[in-house]
Structure formats: structure tokens, C-alpha cells
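Per TrEMBL, the features are:
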| type | residues | note |
| --- | --- | --- |
| DOMAIN | 39-163 | domain 'NIF system FeS cluster assembly NifU N-terminal' |
| REGION | 164-186 | region 'Disordered' |
């Protein structure tokens, strides 16, 4: 009789046979997933879980502008590359790589969709407030949209540095011609 009791005790005390082992996991995992979904807007979750245009281009190509912004010490680093069609100054392709939080990745992904097909002048007018508003970023994540704005401006500047004869913009949306030789009317 004692032997039957001990073997029964062993069986019920095993961690594999406890009836509450599985429910404890689900009681912890499900609320964590729900909390994440409540903290981030569905647009952020969509761009984070299925980021668009991830990749890179050759930074030595003359039709590619590269913007690298952020600080590794702070956590978020964003590399954005644009390929520009020189015949019309439109962004024909765009890629990004971002190391950071979900909001930083979502901001990068959204920006790549936004700027494709834009002229450099149009892309230079993008403001972080537009990105933050579209993704419904909370105030604590606004810096992620600021990185995206800085990245596109940096990529445009890099493109102009590689192509000095291209009509430029001052990144506030005002077009300017590249400096040329002064002509004396004398």
C-alpha cells in the first residue's frame, strides 16, 4: 500500500504531468502579445512584421544616394538608399536597413513606400510629422520618424554630392540650380 502511494506521488509531482503547466504559459504569453498590439497601431505592426523594401544597393553607383543616420549608442540606426532616374530626377527604387525598435523599422518601411516615384524635390519636403501621423506613433516614438526624415534628406544630399551638375533643392522644397560660371555682361 505504501508503495502504491509513493509511485502515485511521483507521478503527480512531475512537471510534465502538472495540469497547470500549459495554462500558465498561455496565461503569460497571450497577455504579452495583446499588450504589444495595444501599444502599437496596426500600421506599425504591419510594417514591422512585413517590412517593405529591405535591402541595399551599391553605394558606389552614381545614381544611388545613401543616407546613414542614428547613433548606435542610442539604439536606432537607419540606412536608406535611393536610386534616382537622372532623366526626370525621380526616385525609381529605394531600400533600407534599420537596426532598432519596431517603430524605427516601421518608419523606414513606410518611408520607402512613400518616396518611390517622387521627385527629389518632393521627397525633400517630407516631414517627420507626416510619418508619425500616418503610423500613429506615440510621442515617445517620434524620434523614429525624425530618423526617417533625416535619412531621406541625407540620401538626397549624397546623391547631389555624386552628381554635382544635377539641379538641386535646398531640402526645404525650393529648387536651385547648381553654381555655374559667372557671365559678365560688360
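Glycine is treated like the rest: Cβ placed from N, Cα and C.
Unlike curated records, TrEMBL annotations are generated automatically.
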For this session: Write out how many residues of the domain 'NIF system FeS cluster assembly NifU N-terminal' (39-163) are helix, how many strand and how many coil, based on DSSP.
Result: 60 helix, 28 strand, 37 coil
Problem set entry | Per-region confidence, the domain 'NIF system FeS cluster assembly NifU N-terminal' (39-163) (mean pLDDT, whole number) | 94
